[in-house]
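Written below as structure tokens is the structure these notes are about.
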């Protein structure tokens, strides 16, 4: 696309970053200055009743800066990158039609990628193939199927944990139906995002600082009633660890504690470690991201001013 045709597209802002990096605070600050409306890009914040463990913006923050695509699914429901792209495009069109600018804020990098590049059509689920995979898992175990996936599709196998039957089953199913691996199918993207996008990533300058913030925030969540929040989900009786909602960082570890599998101290340790691992994956994604402007979360005023400097011209 030429620079001229790009310039004629509506504007959008991406504000990406690892967990606990101050994305929400910066987005709320920017909304006071720029004609933006916020869209959440987070696979955990979509769930109702999961507020504390996801660090969902509180009522006061949402009053100051409403976020779209929050609380749109029950924890029993799935939500794919394709679902997100469809919903985000609809919200972006609505915001643009009102003469304002979509500001997409969050840390689910797969969602940002799907939105920016489009999605390749994957084969539809096949009940017979799925049943065959599940039967094999029942007989041999999911670790055996993970080894099989390593031989077929080592790239997907590296991304999928052996204890993640939903994603593991889907990766194998896609190969058995199409004869192609997930990376092969996703190399050809669908429709690119029809917006002129300014992309920012915010993070602390040092990994140690981010680790400290993650640990502090996890303890703050516990002090704010995180255990009671998960107990309420646990008591429903229809939720389990195969669901994406309960596999969210923090929730999975608290669930193991409530099931009596680990001690409270072990839950805290694992929760902090899992959150740090999530942040590491997010930063790895962002380091390979093209055209991103990095911001230092320890200098919030400077970060705000840098965004304004880059996008200020579009505010009028």
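Backbone N, Cα and C define each Cβ position, glycine as well.
What Swiss-Prot records for this protein:
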BINDING   17, 18, 19, 20, 21, 22, 23, 24  ATP binding site
BINDING   19, 20, 21, 22, 23, 24  substrate binding site
REGION    42-45  region 'Interaction with substrate tRNA'
SITE      108  site 'Interaction with substrate tRNA'
SITE      130  site 'Interaction with substrate tRNA'
REGION    166-170  region 'Interaction with substrate tRNA'
REGION    247-252  region 'Interaction with substrate tRNA'
REGION    280-287  region 'Interaction with substrate tRNA'
- CA pair residue 23 (ATP binding site) / residue 108 (site 'Interaction with substrate tRNA'), Å rounded to integer, equals 12
- Message: If you compare CA-to-CA distances from residue 108 (site 'Interaction with substrate tRNA') to each of the binding-site residues 17, 21, 24, which comes out shortest?
- Response: 17
- Message: For the region 'Interaction with substrate tRNA' (247-252), how many residues does DSSP put in helix, in strand and in coil?
- Response: 2 helix, 0 strand, 4 coil
- Query: So what's near the region 'Interaction with substrate tRNA' (42-45) in sequence-distant terms, Cβ-Cβ under 8 Å and 6+ beyond its ends?
  - Reply: 53-54, 56, 67, 69-71, 79, 84, 106-108, 110-111, 244-245, 248-249
- Item | Composition by DSSP (helix, strand, coil) of residues within the region 'Interaction with substrate tRNA' (42-45) | 0 helix, 0 strand, 4 coil
- Query: Given residue 130 (site 'Interaction with substrate tRNA') and residue 22 (ATP binding site), what distance in Å do their CA atoms have, once rounded to a whole number?
  - Reply: 41
- Query: Excluding 19, 20, 21, 22, 23, 24, which residues of the same chain place their Cβ within 8 Å of the centroid of the Cβ atoms of the recorded substrate site?
  - Reply: 17, 18, 25, 55, 107, 202, 297
